């Protein structure tokens, strides 16, 4: 009976009538989380967290375990789908002013940070060349922290270099953080239902709402079927599209890859890190590239919530999207001119968006007041 009541309550959940397709990505992320946990469990059953056996265990999963290739590809490509959905979800939040639901936005940003940490630890687990060197470069950034940096790095590595204890720790952290994500995700959804959804107009939704079921349910199911179709098409026909060729070789500490880079979904942050020729400055910029999202609810000065009616901010928003793409592209290139200059200009524009947000809001208010 309690389950039936829950279903009835969920079906009767009041939702704004005018929410568009951009509001579907939240439920897509819930589906992605479920798939990642499920496929991750089956991979963990066969995986061995040992530097001599990790790479071989991944080969064993893909070759010998029934449907192991599918589990491995679903988990790896599923992570890329996860980040595509989450970046669209964040962009929608910025565009339509969803960040004004402070608790929901802050819990969501914390969730993003935890998700990025989990994905990073997971990328190290296959113990390929790029896994090893990406781990070396990124964890080395901790040494930039004054006084505590070296101690923290040694503690994280479990020694004075990346070795077997590091892989064991990363495996344990990747496993435990997924449960942290589920907990924080539940909190995020609860806070969302407390504050209520925003809508494309940025107005109060209370005056015009409909039950979640059937309209929104079918809308979500349609989107989910399209996402699953895209995922299965990629897994079946282009399983290695997001993989780095270097990662098909076992980790070798004596051979450095020509160009060290993380997965594509971290390239924007990595590009910002590389654009600053100072270790501490780069590490701070890397942290700020994500942390700056936390400032959005506190720097909103416009009397209008959504960018639907803010043409100047729309221009700034699409500049941010283009900048994100440019930083991602430049991070795949060698550290040499003109790519370093492009990265530096793009990184400056990236941070400028969230600095310009309050200034443009204030300017818009003045224009509307005098018109």
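A Cβ is built for glycine as well, from the same backbone N, Cα and C atoms used for every other residue.
The following features are taken from Swiss-Prot:
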type	residues	note
BINDING	75, 174	heme b b562 binding site
BINDING	89, 188	heme b b566 binding site
BINDING	193	ubiquinone binding site
TRANSMEM	25-45	transmembrane segment
TRANSMEM	69-90	transmembrane segment
TRANSMEM	105-125	transmembrane segment
TRANSMEM	170-190	transmembrane segment
TRANSMEM	218-238	transmembrane segment
TRANSMEM	280-300	transmembrane segment
TRANSMEM	312-332	transmembrane segment
TRANSMEM	339-358	transmembrane segment
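Cα spacing between residue 174 (heme b b562 binding site) and residue 188 (heme b b566 binding site): 21 Å, rounded to the nearest whole number. Most Cβ pairs under 8 Å to the transmembrane segment (312-332), among the stretches 25-45, 69-90, 218-238, 280-300, 339-358, belong to 339-358. Within the set of binding-site residues 89, 188, 193, the entry lying nearest in space to residue 75 (heme b b562 binding site) is 89 (CA atoms).
Against the transmembrane segment (105-125), stretch 170-190 shows more Cβ pairs under 8 Å than any other of 25-45, 69-90, 170-190, 218-238. Sequence-distant contacts of the transmembrane segment (280-300), counting only residues of its own chain at least 6 positions beyond either end whose CB sits under 8 Å from a CB of the stretch, comprise 90, 94, 97, 99-100, 102, 105-106, 109, 112-113, 116, 141, 144-146, 268-270, 272-274, 347, 350-351, 354, 357-358, 361. For residue 89 (heme b b566 binding site), applying a Cβ distance below 8 Å and a minimum sequence separation of six or more within one chain yields 25, 26, 29. Counting same-chain residues at least six beyond the ends of the transmembrane segment (25-45), those with a Cβ under 8 angstroms from any Cβ of the stretch are 61, 71-72, 74-75, 78-79, 81-82, 85-86, 88-89, 92, 175, 178, 181-182, 185, 189, 192, 220, 223-224, 227. Residue 188 (heme b b566 binding site) falls within a helix when secondary structure is assigned with DSSP. The 10 Å shell around the Cβ of the residue listed as 'ubiquinone binding site' contains 13 further Cβ atoms across the protein chains shown.
Listed in sequence order, 104, 107, 108, 111 are the same-chain residues six or more apart from residue 188 (heme b b566 binding site) with CB atoms under 8 A from its CB.
For residue 174 (heme b b562 binding site), the Cβ neighbour count at a 10 Å cut-off comes to 21, with all displayed protein chains included. Its Cβ taken as reference, residue 75 (heme b b562 binding site) is surrounded by 20 other Cβ atoms within 10 Å in the chains shown.
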